[in-house]
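Novice: Dropping a structure here in structure tokens format, bear with me for questions.
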Amino acid sequence: MDLLQNLYIGFQTSLSLINLWYAFLGAMLGTLIGVLPGLGPIATIAMLLPSMYSLQPTSALIMLAGIYYGAQYGGSTTAILINVPGEASSVVTALDGYQMARHGRAGAALATAALASFFAGTIGTLVVAAFAPPLTALAFEFGAPEYCALMFLGLVGAVVLASGSLAKALAMVVLGLLLGQINTDVITAVPRFSFGIPELMDGINFVVIAMGVFSFGEIIANLGKPPEHREIFVKKVTGLWPSKQDFHDAAPAALRGTLLGCLLGVLPGAGPMLASFTSYSVEKKMSKTPEAFGKGAIQGVAAPEAANNSGAQTSFIPMLTLGIPTSAVMALMIGAMTIMGIQPGPQVMTTNPGLFWGLITSMWVGNLMLVILNLPLIGIWVKLLTVPYRFLFPAIMAFCAIGVYTLSNNTFDVYCAAAFAVVGFLFNKLGFEPAPLILGFVLGPMMEENLRRALLMARGDWSVFVTRPISATMIVLAVGLMVMITLPAISKKREEVFVDEE
Amino acid sequence: MTTSLLSRRTFTRLLAATAVAGLGCFGLAQAQTYPTKPVTLVVPYPAGGANDMLGRLIGQKLSEGLGQQFIIDNKPGAGTLIGATVVAKAPADGYTLLVGGFASNAVSPILFKAEYDPLTAFEPIGLFGTAPMVVITFPNSKYKTLKDVVEAAKAKPGEVMYGSSGNGSPLHLAGEMFTAQAKINLTHVPYKGGSAHILDLIGGRLDVIFDTSTNSTPLIKGGKVRPIAVSSKTRMADFPDVPTFAESGYPDFTVNGWYALYAPAKTPKAIVDRLSVELQKVLKQPEVIEKLRGVGVAPASGVASELAKYGPDEFAKYTKLIKDANIKAD
């Protein structure tokens with residue numbers, strides 16, 4: 001009853017003509033900027049923030065939400081079309097989305113991403129409206145040992161991401177972990193492996209590595225081929241719309257992804273990203289044709305996109321119920337609220353219910369706008385791929401360089417990405433897949449931080465990891481998963497040797 | 001073609017000669033027209049967060065007063081060292097300024113190897129706000145006062161845990177100063193920025209946090225955490241029931257966050273004065289005062305001479321504290 005009433009208050013605000021217009025404007029601006037490689041939601045919002053101070057607070061926040069979803073979807077668009085993942089969660093989308101694009105199915109991949117996101121966004125909005133308090137309680141259950149165990153599970157799952165050799169996947173995870181060690185030690189504040197370079201004190205930015213090893217490496221490899229063998233994406237575009245079979249395959253995957261996203265999204269820091277990685281691994285494990293993953297399986301697009309989007313919704317819960325920003329985007333939104341004279345925090349719900357519920361429902365409106373805006377655009381995006389490669393690749397490079405620069409407005413990141421381009425080219429030639437590296441790189445430092453904090457708070461007692469139920473469960477799952485991965489790998493060893501020799 | 005090229009060259013030379021000859025009055029002439037182009041405000045933090053928000057607020061108001069855009073340039077990294085170094089090395093013409101404070105001008109150069117000397121690399125323009133520290137705990141915690149914390153820590157040294165947003169953060173140094181003054185032993189649990197330490201406090205896994213009022217004001221108002229002491233000289237207007245450190249028996253506890261505007265060293269005095277006067281005007285606007293208070297920041301005066309003393313005092317204080325507490329980065 002309360003829920004319906006609250007949603008009613010919210011829709012009254014978010015469906016007013018002026019706010020609909022701002023939601024549309026935000027979604028459009030977000031899509032246009034987000035589709036530039038490397039310009040993710042944070043850079044987009046930061047760029048557009050000054051233009052919003054003159055607006056009504058509610059309209060401004062609704063527009064911000066629109067920009068957020070627009071930019072996020074724009075990021076998936078580049079991941080699918082040109083293999084440029086703009087943020088950690090779209091790394092997973094790139095795995096199968098890009099392969100679909102290469103096989104002339106970019107339209108189907110983009111439509112699947114948009115529809116799965118919209119579906120997940122709808123469910124996510126309902127979950128936020130109905131279950132915010134219990135899900136907040138879930139976030140409180142997660143202390144350092146739980147996070148550490150979750151990261152451990154994630155790292156084991158990282159191996160599943162690879163479609164090729166297990167040994168190579170393991171090597172990439174380890175390399176990712178090592179790269180993650182470049183930073184400032186959180187417990188003692190000692191810079192590690194920074195060689196006196198101040199930019200390395202905070203570690204290498206994830207986007208720098210992702211762009212270098214995914215996009216640049218692939219571009220160099222393409223340019224290494226004679227022009228007639230170079231990748232021509234769309235030889236024959238087979239329909240812009242997903243087929244009936246596609247829907248049949250994608251729908252359950254999207255549903256599972258949504259549920260995972262709703263749960264994991266609540267956890268501050270890694271929620272939406274872990275959700276998209278996990279949902280991909282789950283789909284691959286559940287699939288009857290796991291070998292199709294990494295080669296253009298539609299489930300590999302639908303599940304992580306859904307998980308990412310519902311995770312992005314529920315990641316608003318700590319901000320809404322506690323006023324604690326759990327990501328950079330939220331910190332920006334809270335900053336915007338403050339400048340506009342609204343004091344963010346749990347009291348917003350009672351002092352300004354129109355704004356509070358308006359914001360929640362506007363998330364849904366933003367998602368709706370996105371679908372309305374992007375389904376017609378798919379044709380144009382796909383056309384983009386028919387641009388001759390000699391024009392396309394310099395454009396991609398230029399936009400990527402701009403995107404990397406905007407990460408912290410520092411040229412150092414651009415040089416760093418150039419270095420990783422060489423690394424990415426080597427990986428490409430040697431058949432090492434970069435996804436496990438990315439996951440190791442992102443999860444490693446978080447796991448280390450939580451491991452050490454867990455031990456610090458438990459005064460060195462390692463048993464905390466098994467005496468606490470959530471953490472123990474996850475460790476058992478991780479060990480189980482490890483056994484599942486290694487057993488068939490051992491039995492399939494001969495088969496793999498043959499594959500490698502081909 | 002040739003003549004025009006020649007004349008251009010002559011013109012350039014002439015210009016250079018004039019510039020050299022008139023160097024003495026150059027600064028003055030510049031200041032009368034300053035600013036003639038947009039001014040960059042370097043925020044040494046990523047977009048979002050208190051420092052960025054305050055920089056944007058002050059920048060917006062300075063734009064209105066001086067008739068030129070003040071553009072925010074976020075240059076995060078290395079505990080503010082990257083952004084501050086950019087300003088320290090920027091031309092001293094008043095077009096690149098630093099939204100500095102606690103980290104960039106006092107603590108980070110002590111903890112890490114900086115390429116600038118915080119005492120000489122900048123021209124102080126004005127302090128625009130201070131954020132007192134608030135000791136917070138979870139609502140049904142057994143600690144009601146600082147005395148409870150001290151007694152528990154004396155009974156079981158190291159048992160009481162306090163969280164911070166990282167080594168060398170105001171939250172950490174406040175904890176260190178308090179343990180030194182109360183002669184107790186608390187366990188410091190550092191986090192990597194963000195908000196995880198607040199979640200752990202609300203979840204009851206940490207006992208206390210010495211938080212900045214900018215972070216904790218909304219949480220306290222929302223009833224999610226309970227304040228037990230504030231570091232301001234007098235009680236805070238928002239929380240009249242919460243005693244100060246001095247009232248609780250620690251009059252020498254003086255840790256607080258602070259936010260100030262700096263120009264590169266050797267910026268013409270006339271320009272610095274112009275900016276400082278404008279900053280002082282901005283800080284008298286009721287709207288600005290209200291917005292600063294709204295996020296738990298006490299507005300300061302914006303007077304340059306005040307900051308010229310405040311900054312070095314802070315640097316000296318934390319140099320001693322960090323040495324005594326043996327917090328070292330390298």
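Placed from the backbone N, Cα and C atoms, the Cβ positions cover glycine too.
Curation does not apply to TrEMBL; its annotations are automatic.
TrEMBL lists A:20-439 with the feature domain 'DUF112'. Taken from TrEMBL, the feature transmembrane segment applies to A:20-49, A:108-132, A:144-162, A:203-223, A:319-342, A:354-375, A:387-407, A:419-444, A:465-490.
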Novice: Between the stretches A:144-162, A:203-223, A:465-490, which wins on the count of C-beta pairs under 8 angstroms to the transmembrane segment (A:387-407)?
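Specialist: So the stretch in question is A:203-223.
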Novice: Between A:20-49, A:203-223, A:354-375, A:419-444, A:465-490, who has the most Cβ pairs under 8 Å to the transmembrane segment (A:144-162)?
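Specialist: By Cβ pairs under 8 Å, A:465-490 leads among A:20-49, A:203-223, A:354-375, A:419-444, A:465-490.
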Novice: Taking the transmembrane segment (A:108-132) as the reference, which of A:20-49, A:203-223, A:354-375, A:465-490 gives the largest number of Cβ pairs under 8 angstroms?
Specialist: A:354-375
Novice: How about long-range neighbours of the transmembrane segment (A:465-490): same chain, 6 or more residues beyond its ends, C-beta under 8 Å?
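Specialist: Distal contacts: 141-143, 145-146, 148-150, 152-153, 156-157, 159-160, 166, 285, 454, 496.
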Novice: Across the domain 'DUF112' (A:20-439), what is the average pLDDT of the model, as a whole number?
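Specialist: Taking every residue of the domain 'DUF112' (A:20-439) together, the mean pLDDT is 81.
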